[in-house]
Amino acid sequence: MANAPAFEDIIYEVRGRAAWIIINRPKVYNAFRGQTLEEIIKALHLAGNDKDVASIVLTGAGDKAFCTGGDQSAHDGNYDGRGVVGLPIDELQGLIRDTPKPIIARVNGFAIGGGNVLATLCDLTIASDTAKFGQVGPRVGSFDGGWGTALLARHVGEKKAKEIWYLNEVYTAQQAADMGLVNKVVPAAELDEATTKWTDTLAERSPTALAFLKRSFNADSDSIRGISNLALHAVKLYYATPESQEGVNAFNEKRKPDFYKFLE
Ligand SMILES: CC(C)(COP(=O)(O)OP(=O)(O)OC[C@H]1O[C@@H](n2cnc3c(N)ncnc32)[C@H](O)[C@@H]1OP(=O)(O)O)[C@@H](O)C(=O)NCCC(=O)NCCSC(=O)CCC(=O)c1ccccc1C(=O)O
């Protein structure tokens with residue numbers, strides 16, 4: 001690939017007519033730090049502007065995780081990068097919607113926290129039968145009050161979205177498909193073949209029709225962008241509190257958080 005930037009946290013590959021963006025931090029279950037998001041943003045621009053690329057696949061390395069959200073070991077009341085909470089997360093989330101090519105989440109393991117939000121934002125989701133989905137915010141001192149709640153509720157309905165966020169259960173790929181969070185579940189061994197079948201089909205479709213369809217679907221839910229921005233600034237204030245820090249510390253210390261003292 002000519003002039004491809006050097007990446008450390010991701011792998012960027014063009015396979016046929018599809019660009020594959022693979023989060024490559026398996027030791028932390030493909031959790032992201034500031035640099036990871038910067039690299040995904042660069043890769044999306046690269047793929048979006050490449051005339052040989054018809055669609056984009058976002059996935060995680062290995063078989064344990066798609067992405068488990070923010071790297072809790074790089075979270076000290078703020079993450080370690082650029083942006084409102086030390087992550088350019090709003091920029092990435094907006095870019096997933098604004099890139100005019102279809103983006104497929106290939107979910108190969110845990111899609112948790114901010115990783116679940118990334119899958120929620122992708123145009124299509126294909127999952128291995130071993131994948132697991134869930135939200136953890138109230139357990140680890142975080143929340144996504146924008147795309148992660150409002151767009152999720154459009155996919156699964158508001159009662160289910162509340163259950164996901166309030167109870168923090170882990171759902172199987174089939175349960176996620178039944179609730180509308182996943183388009184297709186395939187045996188783990190067939191995940192790449194099934195993903196490639198989709199990207200081959202997308203490569204045969206009219207790119208202009210696909211781009212207008214994507215913009216059209218987005219136009220209807222774009223008011224969530226403003227809510228997301230507001231919620232990001234709210235979460236910044238929350239991250240500065242001992243209550244949020246109790247959640248992060250408990251995860252890093254592998255113990256249950258003690259939130260009782262914060263009840264008002
Ligand atoms: C994913 C689990 C449920 C898996 O559980 P289990 O199978 O028991 O494995 P573990 O032993 O827990 O984990 C294995 C190994 O991986 C490490 N790890 C896992 N997840 C993370 C992580 N997120 N950060 C760092 N490290 C992680 C874990 O420590 C283990 O390492 P060892 O060295 O082997 O001990 C479970 O792991 C789990 O629940 N993980 C927590 C996930 C989490 O807390 N994620 C962060 C949520 S908050 C977030 O994502 C916000 C970031 C963000 O994008 C945002 C910010 C502000 C506003 C909006 C957003 C937004 O998301 O939109």
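Don't overthink the numbers, they just go from 1 along the chain as shown.
Yeah, the Cβs are placed from backbone N, Cα and C, and that goes for glycine too.
Note: ILE112 (substrate binding site) has non-local neighbours TYR29, ALA65, CYS67, THR68, GLY69, LYS132, PHE133, GLY134, GLN135, VAL136, VAL170, i.e. same-chain residues 6+ apart with C-beta under 8 A of its own C-beta. The feature substrate binding site is assigned by TrEMBL to THR68, GLY69, GLY70, ASP71, GLN72, TYR79, PHE110, ALA111, ILE112, GLY113, GLY114, SER142, TYR239, LYS254.
Taking the Cβ of TYR79 (site 'Important for catalysis') as centre and 10 Å as the limit, one finds 23 other Cβ atoms among all the protein chains shown. Marked as site 'Important for catalysis' by TrEMBL: TYR79 (among others).
The secondary structure of TYR239 (substrate binding site), as reduced to three states from DSSP, is helical. Long-range Cβ contacts of TYR239 (substrate binding site) within its own chain (separation 6+, distance under 8 Å): HIS75, GLY77, ASN78, VAL85, GLY141, SER142, GLN245. TrEMBL lists TYR239 (among others) with the feature site 'Important for catalysis'.
Each residue contributes its Cα atom, and for PHE110 (substrate binding site) and TYR79 (site 'Important for catalysis') those atoms are 21 Å apart.
Max Cα-Cα distance over the annotated substrate binders (THR68, GLY69, GLY70, ASP71, GLN72, TYR79, PHE110, ALA111, ILE112, GLY113, GLY114, SER142, TYR239, LYS254) is 24 Å. Summarising the environment of PHE110 (substrate binding site), the number of other Cβ atoms within 10 Å of its Cβ, over all protein chains shown, is 24. Rounded to the nearest whole angstrom, the C-alpha distance between TYR79 (site 'Important for catalysis') and GLY114 (substrate binding site) is 13.
Within the set of binding-site residues THR68, GLY70, ILE112, TYR239, THR68, GLY70, ILE112 have a CB atom less than 6 Å from some atom of ligand 1. Of all the binding-site residues listed here (THR68, GLN72), the one with the fewest other CB atoms within 10 A of its own CB is GLN72.
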